[in-house]
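Features as listed in TrEMBL:
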DNA_BIND  363-430  DNA-binding region
COMPBIAS  9-23  compositional bias 'Basic and acidic residues'
DOMAIN    262-301  domain 'RING-type'
DOMAIN    323-352  domain 'RAG1-type'
DOMAIN    363-430  domain 'NBD'
REGION    1-32  region 'Disordered'
Amino acid sequence: KVRSFSKPLLEDSHLAHSDKGKEAASLGNVTEEQADVITSVSQEPSETVTEVNSSVQARDKNAFPVNQREIETHQSKLQHLCRICGGSFKTDPCKRSHPVHGPVDDEMQALLRKKEKRATSWPDLLAKVFKIDVRGDIDTIHPTNFCHNCWNVVQRKFSNSPCEEYFPRNGTMEWHPHSSSCEVCGTSFRGVKRKKQALNPQMSKKLRITAGRARKIRRIRNKTRVNNNTLMKKIANCNKIHLSTKSLAVDYPIDFVKSISCQVCEHILADPVETTCRHLFCRVCILKCLKVLGSYCPSCRYPCFPTDLVSPVKSFLSILNSLAVRCPVKGCHEEVLLGKYCHHLSIHKEVEDKEGYVYVNKGGRPRQHLLSLTRRAQKHRLRELKLQVKAFAEKEEGGDVKSVCLTLFLLALRARNEHRQADELEAMMQGKGSGLHPAVCLAIRVNTFLSCSQYHKMYRTVKAITGRQIFQPLHALRTAEKSLLPGYHPFEWKPPLKNVSSNTEVGIIDGLSGIQRLVDDYPVDTIAKRFRYDAALVSALMDMEEDIMEGLKTKDLDDYLKGPFTVVIKESCDGMGDVSEKHGCGPSVPEKAVRFSFTLMSITVAHEKGSSNIFEESKPNSELCCKPLCLMLADESDHETLTAILSPLVAEREAMKNSVLILEMAGIPRMFKFVFRGTGYDEKLVREVEGLEASGSTYICTLCDATRQEAYQNLILHSITRSHTENLERYEVWRSNPFHETVEELRDRVKGVSAKPFIETVPSIDALHCDIGNAAEFYKIFQFEIGEVYKNPDTSKEERKRWQSTLDKLLRKKMNLKPMTRMNGNFARKLMTKETVEAVCELIKCGERQEALRELMDLYLKMKPVWRSSCPTKECPELVCQYSFHSQRFAELLSTKFSYRYEGRITNYFHKTLAHVPEIIERDGSIGAWASEGNESGNKLFRRFRKMNAR
């Protein structure tokens, strides 16, 4: 058998006559005689090939076993023959041969590396080129070498030679074991003859006629194509502006090169466009061809118009722009990406312009280049051109000189293939620009904590280096900031707010505005800035417009629902402690600050079927949702200053309770009602604003009327009794003393109210400060257990300091906790763990005390998630059910095992933790979500903006 790789002469027999006719008609300039030839070929009966195949004879089957000597002779003769084509090495004057199973030679390796292919042995290459597998060869049957002619075939396969020359015309040889009719042993001529199938004379004549006609058709078709291609290349005439495919730095496959080449000029695509028939052309080439040859595709003659041209898909453009090309400029051997070639070429042109600009004049000063002139000289030189452009603009474009000039500049850039600059100019003309949006620049400035002067310095530096305005100037940032701050959106109240202006364009205002200063008044030496409460709420609602609309869609409610929407607000207020600047000499103001803020917790809407919750804050303790309302440099213990600054806020808050906000959202005016809940206060500030005595008072709780002794005697069973209204009534009793009682009797009657309450708070527990207070108490318990106070309660101050020092060293070594002068949230979280108890137990000798301390911490860690989590009924429902049991056991341990510390007394936060948590959870659903942690996080930002370190 001979497996032939020669190109078949016959056309496919299954092609129909109609297809042949259409193919003949599709040739542009084919004569009628030529078309008849094509048609006559298609009319040849398909039985020709069948008869040829039926005449193929089977190979000789008379093989029989032979002796060993003949096999050895056969094997020695095989060594002089080529494994691929069967040719003899004697025909080659140089007698060059290559081992079939050997390594690839250096010359072929260099060619493969250039083609980005990998092959180390000949079997791989022979399988790819000749489609034969030599790995299973037997040396008694197959030759072990191949000739240099076949080596040349392999080389041409991986070079740019035409496809017809890839394979030898005689095909590859199929080898068989030695037999009586062995062609190898019986050969007496150069090379090995192959068995050729005998054809009858009639069939041979038909085959020759058919092959001749097919060759004639191919010659006519190729000539027509050559003529059309030559004509289109002359029309395009782009040799000087487009890159040839020979400039590619890598030898890519021919099909790939064709896919990135223009169908007209056969250069690499420049500004490629795609027709409706999905052929690719250079924009310039296809437009010229459409103008000269008519409105059809040059490749397939499908109807095509200039308006049909579109840009190819982005993935193709990215592949095209990532191709490496060699710069065709003389003396420049640099390889650049095709996408950056225009920029690279522009550098050559700039150098060429600078070096080669020569203007011959008739004496005087040498003529300077236009770009090197002053602005006045440029105006003088371009005066006539300017007048012409102006006249054209007034005649054709309504006097828009700017658009005409920009369009001229854009066309000049496109003509020079500088498409990157052209795209930037086009974006600028469309109003997009290449710089960042002012709002983005504002976010960068805030998130990187840059002051105005620092940002301005960065803006000027970037503009000077790049020559482009990437960052926007400060005035643009201030304009963008106005749309984000309160006072930007219009709104209305029905009925109008009492004692509040109807003007809605109110931004940052002075916190001291409206305060009448008299000689006898308390001096208010502070700096305070705030927003008007209603304007701040409107700004927060407009920030959440998308969330509100999404909530309406989620609940299957109409987008045009007007409400009323009920908005629940969490209010927080806290002192920041020391905020003094660590540098410079600012104004003489107090070194402490107070921050008042609010958070939108949830929004519900009333509709025909009832009411639905369309928004609920998922992270209520984040500084991102905690909106600042007032900042003042004052001490939170300064009651007079605090009331003077916060009284206007309280007045606005009270007015908004009885009114409805009308705010246009998504093009529809909607109604909003507000519910204010003041829960984000620590115990110190609650006592301050509700007029209660300080935390060292006999009345230890801000939720109930229990005294310290009563709270110890009954650790668990207490209910919430205090309220803002009741505190106001008790203050009136305290002020007027209607029953003429003594101080002790009057104090017992008003239950610790000693000043006028001025901010309404909700009786609750602040989870963050509860955690800190309880951790501070456990820190004391650890010290007393180390010092064995349960044995000897009477100890000196020096001994207590020694226990504290021992505990601090242990915590630093085991828990990596540095000693703190004042407990903070992070220290409290790390301290209240089982690992800490295990470390402390190492210093406690008594095993019974160790178990008691472990049990106390275990109970606390089971109770803590109930008041710390944002939604305990979902996050820890089992612990909520077990809370009463755990609190009773915890109270029992305090009164028995740790009675040396809690005999007749209990701390404020232990009392609230044991007595009031279940009732608050039942009333509000959560304690952690209503904490002041978001306000505390905002305090950190305040310190960071003042260039301070955290305390």
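Easy rule for this one: first residue shown is 1, then count along the chain.
Placement of Cβ uses the backbone N, Cα and C atoms for every residue, glycine included.
Keep in mind that what you see is a predicted model, and the values were worked out from it rather than measured.
Remark: secondary structure over the domain 'RING-type' (262-301) totals 11 helix, 8 strand, 21 coil, with classes taken from DSSP. Beyond the domain 'RAG1-type' (323-352), the same-chain residues lying 6 or more positions past its ends with a Cβ under 8 Å from any Cβ of the stretch are 243-244, 247-250, 260, 268, 416-420. Helix, strand and coil content of the domain 'RAG1-type' (323-352), in residues and according to DSSP, is 15 helix, 6 strand, 9 coil.
Within the DNA-binding region (363-430), the DSSP-based counts of helix, strand and coil residues read 50 helix, 0 strand, 18 coil.
Model confidence over the domain 'RING-type' (262-301) is summarised by a mean pLDDT of 87.
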